[in-house]
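Asks: Marked as region 'Disordered' by TrEMBL: 112-135, 218-271. Marked as compositional bias 'Basic and acidic residues' by TrEMBL: 115-128. Annotation comment: TrEMBL describes 245-255 as compositional bias 'Low complexity'. What TrEMBL records for 256-269 is compositional bias 'Acidic residues'. The active site, proton acceptor annotation in TrEMBL covers His452. Feature annotation from TrEMBL assigns Zn(2+) binding site to Cys460, Cys463, Cys499, Cys502.
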Amino acid sequence: MDVPPAAAAASSSNDDASQARRLVMLEQLTSGYGFDTEAAEKALDEVGPTSEVSVVVNYILENGMGKDRGGSVVPKTDCPHVNDHVKVTTEKLPDHPQHALCSFFAQEDQDMDDNNNKDRIGRLKSDTDDPDDNGKSCPAGENWFCMECGAIRCSRYVNGHCLAHYQETEKGEESTTGHCIAASLVDLSVWCYKCEAYVQDPLLDPLIQRLEQLKFQEASEPKKKKPRQSHPNDERYRVAQSSGDETTSNNNNDSNDNDDDDDEEDNDSDASPTIIDIATAVARGIPIGLFQSSENEEEEELQYSFDKLPKSVEDVAKFIQSDKCRNIVILAGAGMSVAAGIPDFRSANGLYATMNPDLLSADPVEREAIRMDPTVALEQGMFLQNPLPCLELNREFILGTRNQKWKATLAHRFVELLHAKTGKLVRLYTQNIDGLEDQCTQLPRDKVIAVHGSMDRAECAHCGQESDYGQFCDRVRDQIKDLSGNDEQAPQESTPITCTTCGSRAVKPAIVLFRSSLPMTFFENVPRDVLDVDLLIVIGTSLRVAPANSLVWRIPKTALRLLVNREPVGWHLGVAYGPDSKRDVFAQGNCDFVLLDLMAHLGWLDDLRPLLDEQKLPDACAALLRNRLGKEDESSSANPSS
Ligand code: OAD
């Protein structure tokens, strides 16, 4: 049959489109869901043209062609189950999401209590004398909140009680049952067990946003004393309390408690919102609004802390020296240490682009997940499942830190001098874990908050116990393979490092992993520190990671923001450069260069000279400084009166 040219063109472009669609789905099925290519191809052939990847996924699962390996990270926006299975209201959300632990055993206890076999908190009457019996409870880790009944259950990385909750409730008489929608209390993504996918739906937004508020609120509240417990050793009671489980008492009453034991400080350092990359958040359907300020700057008449928006580094120097600038906060990222020889994460030669997932000790599914999103290698859940990729990626960094391989850069020295010369530095919030600020002896320790932890200590990711740092480094050297191939002494195969306290294979540097919590000190200090800020200096960060990046919008709207970076960043946080900018100044370039220029305008170059004699700068910074000092010396000898 003859086909008219236009129809032929249309048909061929349809073919192209469906071929492209097929390829995208194939990628999702293999990379996202971890199915074999063969099974994915076969299922696509058998299901036929469909725009729904979940239809193909279900087909594969129902026909036993592949195993459920955790599902895609691309959220589904048309989950048909949200309407029927999201029944909780915001009042039912746990008051303290970060303290919420899996209430599986508490529930089990309650059931037994109903049977009169156990005491009020669920232990066998004969068990109660055993002081070591802390009861069964799931270890701290990722927990999920059932959007249908409010139960809190642990993730597949812990004991899989959330999945079990879905399966148990599905066994009810009606086939439409099954509490299938659950929200992660760690990163607030929402999962549907029936769709086997992350889901996104406007119906979920108010709940998720309220959860986020609760997390921030609690973290920024002053520490509360521990609630009274009828048996202080019984973990299960605490579990039930903090979960907000209907069957137990509510945490809201804690403050009325006047138990003597309350004097005990709550030292939980994990009670804080979690760290997440913006791209991961988008991929997992976490509302992007959670990362932004909701305030509309345009509607207000503001009295800025500066008279005129600075147009140059020299103008910024003048502002710093003026009385108008009283309080300065700095937010730093990996770019600050690049001149020291430590690569950043997201640049073309950064850790994520240069890592080779094939070299990591991981199974094919883990490797694929890391290939798709390199931050997976640094996720808490992944670490508990398989700690080796994280340790392998950090081996050189861990050993280099111990051997004090790197020197503080000019950017670090700028922060030091800013404090020493002006007294205006409120705080340096650094996302870096290299501890290079410690070399700046004029910068007091309490001026620095390492929001993502530090490489110079070790701890167990499972029980939280601190490990001997020297011993940990020795084990990293002896047990973890060297991806660079430079260390001939390194083992060929990696073996995990076991915690001497709990026996888990989970010892790691004391850094904050993705989808785990920031140190409490961040949340304790931020609300105070941002109050009267006149200038925020952002140095060498992509501003991709929350909640550290929230400083950008937490400071007063009247404050000046100076970004010192290789490229402009922060659009998603409301930062706006260019002619229409109201309070943002972009100083483009390597931060050492820009900040050296700033220090020159501030008249601090002579303070840097001793660093050259004492060889305290990395080579690149020393060369930069020498060059600048040479020029200054030349111009002052040419013009002695200046
Ligand atoms: P990124 O690698 O995401 O961003 C570094 C930024 O600094 C990029 O915008 C670079 O262009 C810029 N940059 C690089 N070298 C520079 C230089 N010499 N001068 C000026 N700018 C330069 O690093 P971070 O923003 O710090 O978390 O990343 C944030 C967090 O994500 C890290 O703390 C880490 C990471 O995954 C964890 O591992 C938990």
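Quick reminder: no glycine exception, Cβ is built from N, Cα and C everywhere.
Just so it is clear, the model here is predicted, and its values are computed rather than measured.
So that I understand the layout, could you describe where these features sit and how close they are to other parts?
Replies: The Cβ neighbour count for His452 (active site, proton acceptor), using a 10 Å radius over every protein chain in view, is 21.
The DSSP secondary structure for Cys463 (Zn(2+) binding site) is coil. Of all Cβ atoms in the protein chains displayed, 14 besides its own lie within 10 Å of the Cβ of Cys463 (Zn(2+) binding site).
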Asks: Quick test of your reading of the structure: among the recorded positions His452, Cys460, Cys463, Cys499, Cys502, whose CB sits under 6 A from ligand 1?
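Replies: List returned for ligand 1: His452.
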Asks: Using the structure shown, find which entry in Cys460, Cys499, Cys502 (the binding-site residues) has the sparsest Cβ neighbourhood within 10 Å.
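Replies: Across Cys460, Cys499, Cys502, these binding-site residues, the one with fewest Cβ atoms within 10 Å is Cys502.
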Asks: Setting Cys460, Cys463, Cys499, Cys502 aside, what same-chain residues sit with their Cβ within 8 Å of the center of the Cβ atoms that define the Zn(2+) site, listed in sequence order?
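Replies: Once Cys460, Cys463, Cys499, Cys502 are set aside, the remaining close residues are Ala461, His462, Gly464, Gln465, Thr500, Thr501, Gly503, Ser504, Ala506, Val507.
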Asks: Cα of His452 (active site, proton acceptor) to Cα of Cys460 (Zn(2+) binding site): how many Å, rounded?
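Replies: For His452 (active site, proton acceptor) versus Cys460 (Zn(2+) binding site), the Cα atoms are 16 Å apart.
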